[in-house]
């Protein structure tokens, strides 16, 4: 057995809720530069036509984007929006991941044998609910990641200022900008990510290919990350563009998608795919492995505290 030993008592809903948020924050700390590179690549060419985009591209590839940012803006630019990112994960992942098992059991009326339909429904529910709770933090995170320090003033100087400025200039609705594409994205992401992780893990365990420890969690998380990136990338690009757009630039998320298709072609929907995969794959591995270990560690601590002397 690698890592903490599984406890006899299943983790409580509170342990899952806190463990998911904490694990997601740890994963964000490690993979945030890849997420920032993804955002920069996704918004690149937004104001240009298809013909000019390739010729005038400032960022080329994951490594090229990171090196360009370090050279022109300094290493700290890779962590622009980290505070909002951690706020997002603590509120977002706690709901979409931490409540997944509870919602799944609700749909199956307490049965441990959940079908694919119940898993998909649970993933969609917690994904959409998480967006409703954490959308303002996502808007601020994307705005910070998108702004460049070089060649002009920054839109926001601090996280608190960003919340205040957006609310003042765009209204409270500005903090929930892009909710529709984000709900769609996270319903897709949550379904694909959690259900794929669930299914891969269950398959490996039932076939006795692996035991319920770190290698199994690593393999399941990596597979879930790849499947999620392939399916969710188009919606993710639209979400990023729309949330970062100036007031009135796009009438709706649908208008944003049509503008992208017309000006940049269908390949625009997979802009930033490699950093998305590197980020989501590595994020999934760190998050799920940490989450599984945190659940076991917290329950072991709880059991030792409750055990009689």
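Each residue, glycine too, has its Cβ placed from N, Cα and C.
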Swiss-Prot annotation: residue 113 and residue 296 on one membrane face: yes
Residue 141 (site 'Important for inhibition by GDP') to residue 185 (site 'Important for inhibition by GDP') - Cα separation in whole Å: 16
Residue 141 (site 'Important for inhibition by GDP'): tally of other CB atoms within 10 A of its CB: 29
Distant-in-sequence Cβ neighbours of residue 185 (site 'Important for inhibition by GDP'), under 8 Å, six or more positions away: 232, 235, 236, 239
The repeat 'Solcar 2' (114-203), counted residue by residue under DSSP: helix, strand, coil: 72 helix, 0 strand, 18 coil
